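Student: Provided herewith is a single structure, encoded as C-alpha cells, for subsequent inquiry.
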Amino acid sequence: MRSLIRIRRYILIIPFCITITFVVCMQYKLKPFSNSFVDLLKSGLQPLKTILSSSHCACQKCVRQLDDDPWFQKRFIGSITPFLTRENKTLPSDTTKWWMNLQRSKNPANYSEVVETLFQVIPDVDYKDGGPEGCRTCAVVGNSGNLKGSHYGALIDSSDFIIRMNRAPTSGYEVDVGSRTTHHVMYPESAQDVDNTTSLVLLPFKILDLQWLPGAVTTGTNITFSYRKLRPKINANKDLVKVVNPVFMKYIHEVWLDYQGRYPSTGFMAVILALHICDEVNVYGFGKDKDGNWHHYFQPLLNKKIRTGPHPGDYEYNVTMKLSEINKLQIYKGW
C-alpha cells in the first residue's frame, strides 16, 4: 500500500518538474532572470516542496488535515510542542498554576534547576514529523480487558510506532496485544523496565517526577517515595527518554476534556500525543469490555463496580469515539 502511495506522489511530481524546467529554459532563452521571475519560480516550486516534505502525509487518512471538521479544528493545535526541551522549558504562568495544583509537596524543588539537571542526562530533542515515506502509522494500545481474545497482536505489531502505557505486559499476551513497543508512557509510580530500543515517555505530574528520572535511568536515585514507594532504578535507554511538556498536559485537560476530571488519564494523553506525532492513529484496548466492566487484560475481574478514579473515563471515551467518527483515528473495540 505504501509503495502505491509513493508511486502516486512521483506520478504527480514528474509532470510538474517537466513543466517547471520548460518554463525556466524558455525564460532564460528570451532574457536573463529577473527578480520577479525568481520570486515566481520560488512560488511555483512551493507545492513540490510540500509534496516532498518529510512532514507531508502520504497516508490514506491523515490526522492533520484540518479543513474537514470544525470540531477538530477548534481543538487540535498543531503548533504545540508535546515534549519538554531546553527551548520550551519555561512554563507560562497559567500552566505553572495548573501543574502546581497537581502536586502534593508543599515545598517542591526549584523547577529551573531540576530541568537543567534533567537535560544533562536525557536528550534535548523533539519531533513531530512523519515517517520517511510520509506516513507514520501508530498503534496506541490501552490495557482494557476488551483485548482478551481479540487476536490483534499481529496488526498492532505492523505499526511504525506502538505506544503502550503503565504496566502493559506483552509476554504471554502476544496474540492479543502484540510483542513490540516503541514508546512506553509512564510516571514514577507506574514505572516499568523497557528494552533498549523503546522510548520511555514520562508524564510529569510533579517536580519530584523530574527529579526522580535522571537517576532512575542511570545509576539509581535516592528519591524512593512520593505518595507510594518508587523504584530507585529502572532499565531504560537514557538516550531515548522523552518527557511530556506540562503545557501539553494542560492543553489536553483544557481543550480536549473541557476541564473534566482533575487531570487526563495516561491512556487519553497517549491518544492525543499520537495525534500530534503520527500521521495515522489506531487505538486498541480502550474503554469497557463487552459486559460494561472496567478492568485490565492482564488481571482477573474482581470488582464489577470499579470506577476510573480522578479521570473522566466516560468523557474521555466519548471524545475518542468522536475522533473515530470524523476519521481522525480508528478504534478497535476488541471482543
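Heads up, the Cβ atoms here are built off N, Cα and C, so glycines get one too.
Annotations for this protein, taken from TrEMBL, read as follows:
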- Q103, N143, N166, Y227, Y263, G267, G287, H296, H311: substrate binding site (BINDING)
- C138-C278: disulfide bond (DISULFID)
- 12-30: transmembrane segment (TRANSMEM)
Student: Quick one, of the binding-site residues Q103, N166, which Cβ has the fewest other Cβ within 10 Å?
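Tutor: Looking at the binding-site residues Q103, N166, the Cβ with the fewest others within 10 Å is that of Q103.
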Student: Under 8 Å between C-beta atoms and at least six apart in sequence, can you list the same-chain neighbours of C138 (disulfide bond), or say none if there are none?
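Tutor: The list for C138 (disulfide bond) reads S159, D160, F161, I162, I163, A274, I277, C278, D279, E280, V281, N282, given in order along the sequence.
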Student: Find, for the listed recorded positions C278, G287, the residue with the lowest Cβ contact count at a 10 Å cut-off, counting only other Cβ atoms.
Tutor: G287
